[in-house]
């Protein structure tokens, strides 16, 4: 395609800053390989934005860009705020819009939307920052079923702040870990079964289709796909996942319905557990990692996309 001017937005003030830099630099390198004029725009915090080494405001940082490739993760990047700014200035950008992004970031709102579409999700309870009495909490949480329980921040990605609580005495500590990232916390039932992830990608005409799912096998010492397991390189990821045709189709259909339920566009990744061959949605990621070894590029590779062609496809979607 004709060479384009592309600003690659990365960094941000969230706990996923370093992961965003990995995604952004991988995207930047491959856009340049394809012959596009691409430059980095780094967000250090909510007030400081750099184009190269020069600090500047948002309008100048993206001046001359045909499209912004959003390589942010977590707070401020995935919660709809930056997308709303781009909408205000009529700047084309990759990924879902502000409302779908905000829904995807909030695990409890997205859970309710999935339930409204008759999709399966784990039992869960929202815990506010005023709920601190352990006995009252434990009594309320028993409706989730027996331990273990999963404690997580309500609005964070990359499994940041997530703990599995196997004993009631560990609950207060797990809540403190989660509240270090978000004062609002979710406690879920623990699903014991295969963990899977399935990407959804749109055609240029806007029609979404599900990619081959990935089976995630974290190291035994982790037990689940937490932050360390995701980024330490010790987790085995099998793409395509070795399930029967019926189970694979169920996973892909669930991913598609979740994508539509939140009103997503371009691409997303849906993380799930299988219980008795039924997919249960854990969360939807509107801006999943995009290095060559990230899950969704591997799934795209399984249907014939090279990493550079996949990145260019996302850019085309933003310009269509």
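Just so you know, glycine gets a Cβ as well, placed from its N, Cα and C.
Taken from TrEMBL, the feature active site applies to 16, 158, 294. Residues or ranges marked as domain 'ATP-grasp' in TrEMBL: 111-316. Residues or ranges marked as Mg(2+) 1 binding site by TrEMBL: 271, 283. Feature annotation from TrEMBL assigns Mg(2+) 2 binding site to 283, 285.
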Just the number: how many Å between the Cα atoms of residue 16 (active site) and residue 271 (Mg(2+) 1 binding site)?
18
Let me know the most crowded of the recorded positions, choosing from 16, 271 and counting other Cβ atoms within 10 Å.
16
How far is it from residue 285 (Mg(2+) 2 binding site) to residue 271 (Mg(2+) 1 binding site), counting Cα to Cα, in Å?
8
Given the model, what does the mean pLDDT over the domain 'ATP-grasp' (111-316) come out as?
90
DSSP secondary structure for residue 294 (active site), reduced to helix/strand/coil, please.
coil
